[in-house]
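**Q** Below: one structure in structure tokens.
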């Protein structure tokens, strides 16, 4: 099957020149930008010896060099995607001297005019200044990753925030539980008055099914659940993987219900409201959005070429939409064992990330609607996008030999959060039922393998149907074009048909 190509025309404005934010393979991106060369690829080419044969084929050394150049350029495209055909140069020039001068002047102003009487405010202002300068450095030095819309600086700042979050987790890992709680109290003193109610009962009176009770469960968190799954579908774009994650998350809730009481749910809440309504409709809507974006024609005009003010405003708003969108294929009938295992690993890592959310909230006693909890969810959701893109290229493109920087940092964040939970939740994990954990891991692996295998099998069947259709058509064409049986048509019609 051929990949559908959606990008039509070459973007000409600074905003338009931004590259494909889809999860298409790095090979497609390389073909779209043949003029861009990585550091290795832009080096002067060493003359290679040619064979004496008339074909003039390149020597094996030249072939190896070409292969290395392809590998280097593939990683550059997925790790720091360039922006071509820029027409508004001002927004894409570095401006490093100006940025340095403005940053230093701003810090000097606030350092001299602010009131320094309050020690807590001094500490908070110092931390904000550290974050500010770190993000400035990230804009200048960090890679923007595989995305460039609305601007590469946005993704560099996001990457800088992820590195700061990772460093914060490393700092918290070397503190004891009371110290960490004191830090949270310093950030928000209201947390002193909040405690997890371990005596509260969940999942009671499951036989009482009424419309009022069902409507009571459809609160703001249910809408968040639905939108979260729609966002996951846009990120992963594979029905089988999404349903594997959905089903296994319900199994995860059952397994860890003895540690997290809020995981206890009635059967109709877990099966109907969660799996079918929230998860199912969210997956359907997310994949539908992807389908619409794949079918859309992407033809960008420079903002300089637009004469009307309304058109310029509309074009500026469209800068926050993808430059193009391509269908992706996590699995195909010829997938290797390593690719098979990589997709299973993606499913399991997704479960760990979801578990970290609930364990962090439970161990450090925060309400579900607290700004730290909400902020972390939004940050993780944004940072997962380039990470999944880089992981997809690493899994599917044989020329990509190492994982992207954002994906590496995300993996470190996921593991650090899990370590922080285990270290500070000793009392909670002492009640862990080992048999439940062993069964959970076993079921995770079995269901992951089963869903991935079914996805490959389904792909094989679809390809067989597509390949068998032309053969059947060829067989039926001669039969339909042959002379009709005698006595059914007049000689004039037979002659016309012949």
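Placed from the backbone N, Cα and C atoms, the Cβ positions cover glycine too.
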**Q** With the ranges 319-339, 340-360 to choose from, which does Swiss-Prot describe as transmembrane segment?
**A** 340-360
**Q** Can you check which of 93-113, 177-197, 198-218 Swiss-Prot lists as transmembrane segment?
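**A** In Swiss-Prot, the transmembrane segment feature sits at 93-113.
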**Q** According to Swiss-Prot, which stretch among 57-77, 267-287, 288-308 corresponds to the feature transmembrane segment?
**A** 267-287
**Q** Answer yes or no as to whether Swiss-Prot lists residue 80 and residue 460 within the same topological domain, that is, on the same side of the membrane.
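**A** Going by Swiss-Prot, residue 80 and residue 460 are on opposing faces of the membrane.
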**Q** Is it true that the transmembrane segment (437-457) and the transmembrane segment (93-113) have 3 or more CB pairs under 8 Å, sequence gap of 6 or more?
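**A** Touching, no - the transmembrane segment (437-457) and the transmembrane segment (93-113) miss the threshold of 3 or more Cβ pairs under 8 Å.
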**Q** I'm a bit unsure how to read this: which one of 267-287, 340-360, 403-423 has the highest number of Cβ pairs shorter than 8 Å with the transmembrane segment (154-174)?
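**A** Checked against 267-287, 340-360, 403-423; highest Cβ contact count belongs to 403-423.
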**Q** Provide the three-state DSSP residue tally for the topological domain 'Cytoplasmic' (361-367): helix first, then strand, then coil.
**A** 3 helix, 0 strand, 4 coil
**Q** Restricting to CB pairs under 8 Å, which listed stretch, 93-113, 240-260, 267-287, 368-388, is in contact most with the transmembrane segment (123-143)?
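**A** Result: 93-113.
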**Q** Counting each residue once, how many in the topological domain 'Lumenal' (389-402) are helix, strand and coil under DSSP?
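**A** Secondary-structure composition of the topological domain 'Lumenal' (389-402): 8 helix, 0 strand, 6 coil.
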**Q** Check the transmembrane segment (340-360) against each of 240-260, 267-287, 403-423 and return whichever range has the most CB pairs under 8 Å.
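**A** Most Cβ pairs under 8 Å with the transmembrane segment (340-360) come from 240-260.
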